[in-house]
Amino acid sequence: MINSNDKNESDTFGIIRKILSERIMVLDGAMGTEIQKFKLKDNDYRGEEFKDFPHELGGNNDLLSLTQPHIIREIHCKYLEAGADFIETNTFNGNIFSQADYKMEHLVKRINIESARLAKSACEEYTKKDPSRPRFVCGAVGPTNKTASISPSVERPEARNVLFDELVSGYLEQVEALVEGGIDVILVETVFDSLNCKAALFAIEEFFKTYSPRLPVFVSGTIVDKSGRTLSGQTGEAFYTSVASANLMVFGLNCALGAQEMRPFLQNISKCSECYVSCYPNAGLPNTFGGYDETPEMMAEQIKEFAESGLLNIVGGCCGTSPDHIRAFCNAIEGIAPRAIPTLVPNTTLSGLEPLVFTKELNFVNVGERCNVSGSRRFANLIKANKYEEALSVARQQVEAGAQIIDINMDEGMIDAVAAIQKFLFFIGSEPEISKVPIMLDSSNFDVVEAGLKCVQGKCIVNSISLKVGEELFIKQAKIVKQYGASVVVMAFDENGQATSKEEKVRICYRSYKILTEQVGFYPQDIIFDPNILTIATGLEEHNNYGVEFIEATREIKALMPLTRVSGGVSNLSFSFRGNEPLREAMHSAFLYYAIAAGMDMGIVNAGALPIYDDIPKDLLKLVEDAILNRTNDATEKLLEYAQANNKSEKANVEVEEWRNKPVSERIAHALVKGITTYIIEDTEEARNTLPSSLSVIEGPLMGGMNVVGDLFGAGKMFLPQVIKSARVMKKAVAHLIPFMEEEKRLKRLEKGNDEAAEDEPDNAGVVVLATVKGDVHDIGKNIVGVVLGCNNYKVIDIGVMTPCEKIVEAIIANKADVVGLSGLITPSLDEMIYVASELERLKFKIPLMIGGATTSQIHTAVKISPHYSQPTVHVLDASRSVTVVQSLLDPNNKEVFAEDVSQQYAELREKHYASLKDRKYTSLEKARQHCVKVNWKTIQPVKPTFLGTQVFKEYSLEKLVTKIDWNPFFVTWQLRGKYPNRGYPRIFNDETVGAEAKKLFDDAQTMLKEIVDKKLLNARGVIGFYPANSIDEDIIIYDHNDDETRSKPIATLFGLRQQNEKETDEPYIAIGDYIAPVSSGVKDYIGLFAVSSGFGLEDMVEKYKKENDDYSSIMAKALADRLAEALAEAVHEDVRREHWAYEKDQALSNEDLFKIKYKGIRPAPGYPAQPDHTEMKTIWSLMNVNENTSIELTDHMAMLPGAAVCGVYFSHEHAKYFSVGKITKEQIESYASRKQITKEEAERWLSSILSYDRLPLVK
């Protein structure tokens, strides 16, 4: 609270408030990047005290407060000198969870005390220098390396790697030590999980129960990306709502984003926050190398705009910022008034992943009642049977039906309610479509309530407490609820029992209100009264007025305590008529009509099952209103008569596919949008029989439906797999119509008395020719683009893979193409694209050129391709952009403007590119060699493989490969990308936007995989080889496998390239040759080679799907073959490490660790960053007779056939790592060409993507 007069407050509160009323205050910048500038080694971290500590300590920055305190104090002083008002202690990881990584949990107290003392002494020094500008120490409480809201296990969404109580204990230890060390402020920062933060705030409150005076508490959350959410999925506003009741002095955002990206989220926080607001962004987003590029001047300009817009009270810097940044911030904000705290109308606000604000527009808030073991037999049975995932469907249905809050009740004699509610809440936490709404924890057992409070990151509701337990226990329970930050339902009960009359209801509620607001400190808007909805029409006269008593009590409560809310369990009203759901629902609807008018704000209802008041039959409405309002003496009797005459124990719930009853055009559109092929033939036939011609069916309902698909895809409401399924439906329909169209054409020709083919083709938006260029066999992306364009009424002519330029030219002419698109995956394709562009220019074509594929980029298109073709040349990032680009290129009104915009943009890119080449610095090849990877080969004895020569495997187990699949690239192929916290497999399934479609796609993939394995539709095979080897500089000399002892017969050389980008540090300039013992060392080393493919049989699969007009299955097969090829490479490499080379015999890694390369050795591939020259593949093919042994072919352009193939080189060196050669100079190109005995021009052609200078393409 900003203007708190709490007598327990420290003097710091008043001082900081006064300064904040006058100016924007400044926090320090990054600690980690400043520490990095000292280039500390492991011994520096150890110091004298820990020199013999048995675990590695490098990177434990918090430990430096003990071992290198002068460095930490120096950094503090630099920030203070730059103008910081607040400096943070060096304790971001000063908790038992993070220190456990270093086996240093026992040092947590010391680290925090000493860190606080270091910062305090620095602040005191600078305050003494200028007493008019006091400096303050913020005790940094980091997020820990655990998350209480996210499961660490794919298979067990309810699992957690830390629990609330464990977090509280860990945070309490840290807070106690920081305060002992002398901090002025507690800063809970970089919060990525609100439940972790709530645990920290709970611990802080526990601490201040016994310690005085209180210190100010700041909280700073982290929005992880442009989706505007924390890692655990909450929006910034929802996070603020979760912690707002903790009497924070400051709430803000830090880390993950640069200032520009953070601005919209900061603005939202600034609007809703009733405390001071802070922000300390990163120095921009991380660059390619993980660094930060925004200069102090750049950031200061953005910070100044924040301040001028009234968004800031405190500003600082996070990752990548320095004392220079802080100095620039101080100068930028000087003289700008601080943000004014907004005066907001007090309102009840709750949160799940998203906030729920009780505005007037909401009218009435539905609390879903079906997750109640007492009220739903189905839910109870699922919980008892331990079927929690199925039970989630009950909650999901409630949300989908309109519930804005979910009530959860586990009170049942045969259920362990504490365990059940925690487990179910953890399951819900992994389901964003459910956890987006707030939770109501419903139990008569307070232990169950508190157990639930420890599992929910949002601001929830406790249902309920009451005075029936006595005033002392009521207050105790209320204080606990408040400490967890929840709102509370208070029942109209007291020591004498349940209130039934209006007067008793109002009296008990008012008494409860006074206690909660005056003795416990509850805000009125966090109090929800339940004045007891009791059962009417029971046959007992005294019950007849219960409805009226509730309605009138509600009216008075709202007049007496207007900021509070009124709720109730609506189904209690009709309990007498259990089993007659239509009657009960009519009673509920009519009751709410009057109760809402009296001021009832919310109620526990079966969301989605309430009829509209005006839709209730008039005769029934009169009966239920007579009973509810107690208008006649015989109301109960008449209602009972009606119930007996109209007894319907169950609603007729026949699942009818209603869309099948719609007109045929709507059925076709529905089938296209939903991807349903079941009825498309019969619907198409029906349309053909009702429309003038078969062509009319295509141009009418089919294209109409596809237009809807195109619009939905363009608006982001459909995703790529759905679009491809739509195309499958379309193709099946068209295939059915083609014979009829041919017959109609024949009859027309007969009518005209000639045999000339009629040209009544369906209208289209334009003709697009697509081709994978010569030498390249990869076409998944191109095929997807073709489908998407086809769905948007473009006629697509796909001329396949490995397409020579002349064939592309012929297709353009023959089909009168409006646009041509070139695709390629491998680096040599880039030169082929340049050649095609040059030929199109020479032949004076006037159509636009689109460039796409994994190896292409906007900068390459602008610099290398566009200058060779005078017509519009556009790089298309993925299929989702293709439609917009083609539309823009062909739009008669705007195509010239679009082309000019692209041309201007590409000209600017070229200018920047050439300017950057001038600015980059490269070291000479000789100097780079002198600074190669240093290895003491005298101490290393390389492991000899178990055999030398080659080994062929003709049929690798597909079952084993399925278990090794990395699914993340699979979803990238289909252009499905989740947002935090749901990026990557399997969390993508939880993503609000793409999760459902990703799961469907994954299920389809599993079905096809099973068929592939069961029927052996694909064959996985390959060859591996091991050879004696030594290195000379960058190159690896390979000897005959029968010449291991003398090594006198070199049989081949693998040529390498060395990094030349000048480095600011003493890091080595790496080449692959560094990982093999040099010839001069005398050490016998070895190298491995491999080539594998899982693509044998793929052509047959694709051909079958093409005949069935099934693009979806065709693309799926290719995507799975690619995944299986990568899995094969991973599996064989594992076999090599454990058996064939056997340098890690006992290794047993999880898939996750495999994909993260947590093993010794690497397997780089020619054509990739460590050796970008594809022609090195020829050496692999020659040495191992790959073509003869496996039938994997190599094209002239170094593409492998089948395309689902992987090849590379095995290194066993323990320090070998993947790296990127980066740009190289002409000097190295000349050396490389000379060693390899090729021309300089040929070397430049194959290495064009990494040249540090420009060169002309080869003329063909």
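For all residues, glycine too, the Cβ spot is worked out from N, Cα and C.
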Given that Swiss-Prot assigns Cys318, Cys319 to the Zn(2+) site, pick the one from Cys197, Cys255, Cys272, Cys371 that the record assigns to that site as well.
Cys255
CB neighbours within 10 A of Asp966 (S-adenosyl-L-methionine binding site), counting all protein chains shown, number 16
Looking at the binding-site residues Tyr1218, Phe1219, the one with the fewest other Cβ atoms inside 10 Å is Tyr1218
Could you state the whole-number distance in Å separating the C-alpha atoms of Tyr1218 (S-adenosyl-L-methionine binding site) and His778 (methylcob(III)alamin binding site)?
24
Taking only same-chain residues 6+ apart in sequence, whose CB is under 8 Å from that of Cys318 (Zn(2+) binding site), what do you get?
Gly29, Ala30, Thr190, Asn254, Cys255, Tyr280, Pro281, Asn282
Pairwise Cα distance for Glu699 (methylcob(III)alamin binding site)/Phe1219 (S-adenosyl-L-methionine binding site) [Å, integer]:
54
Number of other Cβ atoms within 10 Å of the Cβ of Cys319 (Zn(2+) binding site) across all protein chains
23
All-chain count of other Cβ atoms within 10 Å of Glu699 (methylcob(III)alamin binding site)
17
Distance [Cα-Cα, Å, rounded] between Asp776 (methylcob(III)alamin binding site) and Cys319 (Zn(2+) binding site):
42
Using DSSP and collapsing to three states, where does Asp966 (S-adenosyl-L-methionine binding site) fall: helix, strand or coil?
coil
Same-chain residues at least 6 apart in sequence whose Cβ lies under 8 Å from Arg1163 (S-adenosyl-L-methionine binding site):
Phe1090, Ala1129, His1133, Gly1208, Val1209, Tyr1210, Phe1211
Have a look at the binding-site residues Cys319, His778, Ser823 and say which one has the shortest Cα distance to Asp966 (S-adenosyl-L-methionine binding site).
His778
For His778 (methylcob(III)alamin binding site) and Phe1219 (S-adenosyl-L-methionine binding site), the CA-to-CA distance in whole Å is 25
